[in-house]
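What follows is a single structure, written as structure tokens, with notes after it.
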Amino acid sequence: MRLRNGTFLTVLLFGLCGLISLSWYTAFSNSKGNVVDIYQREFLALRDRLHSAEQENLKRSKELNLVLDEIKRAIAEKQALRDINRTWSSLSDETKLKLWNVTSSKNVLQLPSIFHHLPHLLAKESSLQPAVHIGQGRTGVSIVLGVPSVKREVHSYLTDTLSSLMTELSPAEKEDCVIVVFIAETDQQYANSVADNLKRLFPGEIQSGLLEIISPSVHFYPDFSHLKESFGDPKERVRWRTKQNLDYCFLMMYAQTKGNYYVQLEDDIVARPNYFTTMKNFALQQPSEEWMILEFSQLGFIGKMFKSLDLPLIVEFMLMFYKDKPIDWLLDHIMWVKVCNPEKDAKHCDRQKANLRIRFKPSLFQHVGTHSSLAGKIQKLKDKDFGKQTLHKGHANPLAEVTTSLKTYQHFTLEKAYLGEDFFWAFTPVAGDFIRIRFFTPVRVERYFFRSGNIEHPGDKLFNTTVEVLPFDNIQSEKEALKEGREKTPKYQRTEDGFIRIGKFENGIAEGEVDASFGPLEALRLSVLTDSPVWVILSEIFIKKAE
């Protein structure tokens, strides 16, 4: 019995050992299988990555081959272009234009371009690139001043002109302006000598971006030998005026992207003080954007301001007729086309053109040259409005609506006086009459100045007339400015309709500072308190904005 039990235990022990051994073996086998699977997956992933890298390498290799082919093609095309240019130069301008029309576009419609008017420009790639190009490429300014300059036989006025223009600019104005000198000569040696002289005289202005110097390519101008004589002008004068038209076109094309306004000048002028801000504000104060030319001199093409947006139209019109008429006639024709009705008379046409061409007085630029750019011509042109004692004085005032109860005499309106174009003239004022200036947006005003009467009618003054303001924030201004000191005594008198009296006319003039505590003003008013024995002239209005 005992033996049987021992045998049973032995068998049981061996069975357990076998079972444990089998479990260990199974576990070991499974563990080994998992490791193999992991390595197998990693090798497969590595193979995929290597394959992807190989494909990417092939792609890059193809791209590099394409780039190399493009470089080879460009070199070949450049060589072919040289050969084509040699052939092209032997073709007539008419043939060149026809070929350009065929090859320039796949469109059915052929768009007009500068090459239709100047087909010779197709002969050289550099024909529209400046030969001399000095400057910082400043853009985004308010005004670009264009100064074309040509070689004169006797005397050059260019450096004196530039000195005058720059001297009359304030530091802030110099940051808001570009002066472009266009040396309108294809003689490269002469152009370089002028440019070098300007670099020596005005290094700071060039470095700052205020002054730029350009000259045309030797291939820019067409052959002038076949021009037709017209309007009684000899061939040399026809050539001179034709080239001058192209000079203006080149300068305008260069300047049009640099600023908001472009002013055409000449190289033999002097400028009045404050000319830049006067021009800028006169342009901004125009009641309409319909104007095309603002004139700051009555002479020729001096001091003519254009909107930069209008320059492409003007250039294209000039290019169409550059051989036919001088620039001043062409500008008049543009305005005729825009506003004149052929069924109306000449007076109606003149009235319509007057809305496009607006004159500022007094003139801001004076012509000083006596030796014309046309060889042998002596001209003693002077602007009679420059430096002349005028019957009014204009200022750049804040944008506003001006109204009055006074009866205006003829065309001497209050609006013209406020814009600085003329004086205001009205019949005899009576008590209760007013002149009101209502600002389009509230304005902080530092000081005011009103002058009545002028040199021809010194007695036509305002008498017993007060200056009144209407603050935008009436409640706050009353708290801060209407009371003075601890006794709270009135500092200013308030009218029934809310205006505050701050000054009055004495000997025909009212001037003074505006209390800063008033804040922005909504309006300013001149109020007549008693009947006047005479008519009234308002010859100067100046509302100075606070900085």
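Along the chain as shown, residues are numbered 1 onward.
Quick reminder: no glycine exception, Cβ is built from N, Cα and C everywhere.
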* Asked: When Swiss-Prot marks a stretch as coiled coil, which of 36-83, 228-275, 420-467 is it?
  -> 36-83
* Structure fact -> Model confidence for the topological domain 'Lumenal' (29-547), as mean pLDDT, reads 85
* **Long-range Cβ environment of ASN464 (N-linked glycosylation site), under 8 Å and at least 6 residues apart** => LYS504, PHE505, VAL528, LEU529, THR530, SER532
